[in-house]
Amino acid sequence: DCSQDCAACSILARPAELNTETCILECEGKLSSNDTEGGLCKEFLHPSKVDLPR
């Protein structure tokens, strides 16, 4: 759910750097996420998987 993801991101990120409404619109695909809050939130909410040695 975009609103829950963006709310979590606003807690994890510095709130001054995040506009929750913009984040939600980007998450829903209604706004491009080029260099905006959506890109920032993706780093917190969906970090890259690290390949662990086996």
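Even glycines carry a Cβ here, placed using N, Cα and C.
Residues annotated as disulfide bond in Swiss-Prot: Cys2-Cys23 (among others). If you draw a 10 Å sphere around the CB of Cys2 (disulfide bond), it holds 16 other CB atoms from the protein chains shown.
Cβ neighbour count for Cys6 (disulfide bond): 25 (other Cβ atoms within 10 Å of its Cβ, all protein chains included). The annotation disulfide bond is assigned in Swiss-Prot to Cys6-Cys27 (among others) on the grounds of similarity to another entry.
Residues annotated as disulfide bond in Swiss-Prot, with similarity to another entry given as evidence: Cys9-Cys41 (among others). Of all Cβ atoms in the shown protein chains, 22 besides its own fall within 10 Å of the Cβ of Cys9 (disulfide bond).
A straight line from the CA of Cys9 (disulfide bond) to the CA of Cys23 (disulfide bond) spans 9 Å.
Rounded to a whole number, the distance between the Cα atoms of Cys23 (disulfide bond) and Cys6 (disulfide bond) is 6 Å.
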